[in-house]
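For reference, the structure discussed in these notes is given below.
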Amino acid sequence: MEGARPVRAPRGTTLTARSWATEAPLRMLMNNLDPENAERPDDLVVYGGTGRAARNWASFDAMVRTLTTLREDETMLVQSGKPVGVFQTHEWAPRVLIANSNLVGDWATWPEFRRLEAMGLTMYGQMTAGSWIYIGTQGIVQGTYETFAAAAEKRFGGTLAGTLTLTGGCGGMGGAQPLAVTLNGGACLIVDVDEARLRRRVEHRYLDEVADNLDDAVTKAVATRKDKRAWSVGVVGNAAEVFPELLRRGVPIDLVTDQTSAHDPLSYLPIGISVEDWEDYATKKPDEFTERAEESMAVQVRAMVEFQDAGAEVFDYGNSIRDEARKAGYDRAFEFPGFVPAYIRPQFCEGRGPFRWVALSGDPKDIHATDEAIMKLFPDDDRLQKWMRGAREKISFQGLPARICWLGYGERDKAGVLFNDLVASGKVSAPIVIGRDHLDSGSVASPYRETEAMLDGSDAIADWPLLNALTATSSGATWVSIHHGGGVGIGRSIHAGQVGVADGTELAAQKLSRLLTNDPGMGVIRHVDAGYERAEEIAAERGVRIPMREGE
């Protein structure tokens, strides 16, 4: 086959590959490009500006062809979205090993990356686009929910009721924000330059409505805040223009953040450029476009800082907008914190982070069965119980039915083995894929996001995600990935991911138990090594071996 075409993962229990160990990555690769999931499927772009599932359509076809014939003792190697080899390994080895977007340090810049990309030598994999475990906007909703819940506890008495959150960016990642705010009881006003994105989030029930204009949006959002009602309003506009205007008007904003695609300046629309002219301008004059984008980001960040000066809770949501504003000469850009040091790091110290699963059958009933099972498994986790109830009521599936929640060390392995038992007993009709975002407690080096302001100054130490990937590879993962630049952009992060498959066999149970113990265990030891007392307590309580402590 040649060129773009609609892609949808097979459903049901009939294999198109030799085993579920290869059927799973095959279906998940295709699921990433399902039109319900992908932002621009014809271009192989899944989310996050230019995050791709495959380098080109020829590479996609070659990966599909290889996965359908791959044996249970073979491993396919993928170099930036292109299959480059198959080797004989063993049944405990991953069926797929993936490396995306990785560049040597001095060459790790956007201009150099784009030059190499234009030559057909690499692609941008984001985090879950090139690692084939994207589940639509739901994939980020849980983490976003956790973040806003933590902000509510820190600043607003445990709820966002009676508050108004202002944010920008309603794409595949940012589109999670309005639902996360309303699940925490608050009102949300979200700005995006693309009306189609806003309409899509309404269709998928992540956003409640799109206002006619800014005046209409402000009126509705402020009224909702006053009534202490959970409701979200989208408005078409450029955040770099809307944020300062709302500040000028004195709109009562309680919380401010942003999830525009600021990590890649070519994916951030500067002031004064129309959506229609965007792609052509960025392609023909990338340097000039980048400079204008950074100047606009500085305007937006200035407004965010001034909202903070006025008393609002403000945080960076991990898209590098502060650093881009700094590049443009704004010297107060880092006066508000990133979301991880502000709210999430205590959970990382417990090895707690994203745990997602997908029903390969395509049957929503299988996810409903797992929902019931996981709520029974952790009956005393109030935050999880609240999340699961909200997710079941509010979240629409995109592509294959999926679910996500946050679990910690000593919990993920129990859930994985339980899901495998459900498959073995026939309570779910086909195997379950179990993975996570690369944003996790021990799988990322990202000084502007996950590892910002580490206690020991180890923000930029990138050994940890590499050790994480090596650990997953040797612990029974079905596919493992190492990426560069996800979330915050080229030159700013190294991160790893793993995916396992619950197919109901005893071998799968052994693999999942080991994999889902060791993977969050990396988060515990990473934070022990950095000197976090809570991580030290967790390691002692749960028997995580720390060699440097064993001689004490």
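Indices start at 1 and increase along the chain as displayed.
Cβ from N, Cα, C; glycine included.
Pulled from Swiss-Prot:
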type: BINDING; residues: 48-49, GLN126, 172-174, ASP192, ARG197, 238-239, 259-263, 268-269, TYR317, GLY487; note: NAD(+) binding site
type: ACT_SITE; residues: CYS405; note: active site
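What Swiss-Prot annotates, mapped onto the structure for a quick look.
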{"residue": "GLY48", "record": "NAD(+) binding site", "contacts (Cβ under 8 Å, 6+ apart)": "GLN126, MET127, ALA129, GLY171, GLY172, MET173, SER261, HIS263, GLY486, GLY487"}
{"residue": "ASP192", "record": "NAD(+) binding site", "contacts (Cβ under 8 Å, 6+ apart)": "GLY168, GLY169, CYS170, GLY171, GLY174, LEU198, GLY234, VAL236, GLY237, ALA239"}
{"residue": "TYR268", "record": "NAD(+) binding site", "contacts (Cβ under 8 Å, 6+ apart)": "THR260, SER261, ALA262, ALA293, SER296, MET297, GLU324"}
{"residue": "CYS405", "record": "active site", "contacts (Cβ under 8 Å, 6+ apart)": "GLN142, PHE355, ILE374, LEU384, TRP387, MET388, ALA391"}
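Summary: among the binding-site residues (GLY172, GLY487), the fewest other C-beta atoms within 10 A of the C-beta are counted at GLY487. ALA239 (NAD(+) binding site) falls within a helix when secondary structure is assigned with DSSP. In the three-state DSSP reading, GLY48 (NAD(+) binding site) counts as coil. Neighbour counts of Cβ atoms within 10 Å were compared across the binding-site residues ALA239, SER261; the minimum falls on SER261.
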